[in-house]
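Annotated in Swiss-Prot:
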type	residues	note
TRANSMEM	25-45	transmembrane segment
TRANSMEM	84-104	transmembrane segment
TRANSMEM	152-172	transmembrane segment
TRANSMEM	194-214	transmembrane segment
TRANSMEM	275-295	transmembrane segment
TRANSMEM	307-327	transmembrane segment
TRANSMEM	345-365	transmembrane segment
TRANSMEM	368-388	transmembrane segment
TRANSMEM	397-417	transmembrane segment
TRANSMEM	437-457	transmembrane segment
TRANSMEM	502-522	transmembrane segment
TRANSMEM	547-567	transmembrane segment
Amino acid sequence: MIFPAEDVYFWSKFFATERAVSGVIIIFIYLGITSIFSYVLSFYIAKIYRDEPTFLRKLTGSVISFFEKIIGESENHQMEFKEYFINLLLFNFFAGLISFLVIMYQKYLPFSYYATGMSPSLDFNTVVSFLTNTNLQHYSNPFRLSYFSQTFVITGLMFLSAGTGFAASMAFVRGLRTDVGKIGNFYHDFLVSIFDLILPLSILVTIILILAGVPETIQRFISVTPFFTNNTVNIPLGPVATLEAIKNIGTNGGGFYGANAGFPFENPDWFTNLLEFVSFTIIPLGSLMALGIVFEDRKFGRMLYYVIMFFFVFDGLFAFFGEYVGVPFLHIGYYTGNMLGKETAIGVSQSSIFAVGATLTSTGASDGALVSYTPAGIIGVLIGLLLNDPLGGVGTGVLNIFMYIIFTVFIGSLMVGKLPELMSLRIGSKEIKYSTLSLVTHPLLVVIPLGITLMIPHLSSTFVNPNSSRITELLYEFASAASNNGSEMGGFLTNQPYFNYLDGVIMLLGRYLLMGFQLVIAQSFSIKKAKVQYLRSIDTSNSVFALLLISAMLIIGLLSYFPIIVLGPLLSWTHDFSLIVGAIL
């Protein structure tokens, strides 16, 4: 259909002049499109959660069986929590060890030309980061890694971490769904996650990205001569589309270039920006929607969708209007909004919802410089990190949201004098203990390192911003590491041994310690038999429970950090807007 020139002119003028309204419309377009695709995918994910063969199993079944024979495992070998979790840890440990050695000695391996290498601390941080699905990159130069390391280590760990997360979610759902005392076979769950879900979607997105102009080549760089100089500039190239696809589908977030999705070769235009947003939200959101199908309670799935959409809309609008208003005190953004650190082809609204989506999931990708966001804008982005990525990553979102659900059911049941039950299963002391440990561990992994870091004098010399901004930057850094998100605000030198090793330990604990707590709960549920409901428990599918769940998430998640938020982003915000409080301080 060819639209009349008058209509094209009208809408072009509307979006150019009515920036506030058009920005809100764009945000809802993003959310609407990703909701549609996630809903369609939820039926497919539900089949995987119910251990039913998908339509791809005719193609992938023989491949899965082949790898199971090689490692001597099969679906029939069901594991309890201890065996399942130990195999998960060992598999990840040896993958991480091999990856560490490959990067350390990459100069002796094929396709190592122009690779400058990494220090031991940066190597450790990089491997742990990609192993834990965090992708916190303390390096920005693509020449640090060889093609071999980029392809087999970085891309390989992206698949491994995503598959591990979804396998853990399969085990958790199986624990709620069955009563045989087993939560599955890790290796079978991992292979199904890769070949039935993650790999097919990655191939599809790779093809679309290549067609949209994202490079996919073994050429190391392209030499160009800008019109304003006679000097030749070498622009790095490589297998960008492949890495970009699994970066988003696997909710990894680590980019081929230091600017991540802010670099034109990773994210050329508005279409690829929308595609990447849909890519990193489709599996986490589809997994939550699939729960309503798996447990035969569509209202429960819709309730989870509404809760997540609340955070998307609230955070997205908060970040957008924070950037749209700019910084009046500094006379920034009167007419354009705060375009500092943003691509002009993408704009304020698309950058804002992209950043919010990247922190509500565990993706951590960025299409702009977060350090250039206004204090109000960064608060909107930061909320997702402080809530431990409520939508989560591939699989881990299901684990994270259920920790809040269990805690909310327990508190809500006490308030009205009913039995705490979830899916007709009694919530006992073990479930409460480990869900509480899971919810408390995340703030501790953020607050303790932040306090220690502020007491080390020589580290302050690497910061470029004033005190309140330093607290915000450290809060963002450690919250990103603890939630396995990987987005980085910057503003100080992160590539130094202290931060490389400290962030590495935080990422490991934030990934495997919490996953262990969550799988203990799955094992506990797996030995319980569902009871007939006689209106003895609260309804977990209605709007009242949704409001209670949102309240619990905000209270547990944000109050833990309230003093730091006040001393960091809120203090910066008051200064920027020249409020009375800011003037007094």
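Yeah, the Cβs are placed from backbone N, Cα and C, and that goes for glycine too.
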**Asked** Going along the chain, which residues at least six beyond the ends of the transmembrane segment (275-295) come within the CB cut-off of under 8 Å?
**Response** 30, 33-35, 37-46, 49-50, 166, 169, 173, 176-177, 197-198, 201, 205, 208-209, 212, 244-245, 248-249, 251, 253, 261, 267, 301-302, 304-305, 308, 353-354, 357-358, 361, 363, 365, 367, 391-395, 397-398, 401, 423
**Request:** Please give the sequence-distant neighbours of the transmembrane segment (152-172): residues at least 6 beyond its ends with Cβ less than 8 Å from one of its Cβ atoms.
**Result:** 48-49, 84, 88, 91-92, 95-96, 99, 102-103, 127, 130-133, 135, 145, 183-184, 186, 189-194, 197-199, 202, 239, 242-243, 246-247, 249-252, 254, 283, 287, 393-399, 402, 515, 518-519, 521-522
**Prompt:** Would the transmembrane segment (397-417) count as touching the transmembrane segment (547-567), i.e. at least 3 C-beta pairs under 8 angstroms with sequence separation of 6+?
**Reply:** yes
**Fill in**
Long-range Cβ contacts under 8 Å made by the transmembrane segment (368-388), restricted to residues 6 or more beyond its ends, are 259, 262, 311, 314-323, 325-327, 333, 338, 340-343, 346, 351-352, 354-356, 359-361, 400, 439, 442, 446, 465, 472-473, 475-476, 479-480, 482-483, 485, 487-491, 553-554, 557-558, 560-561, 565, 569-570, 572-573, 576
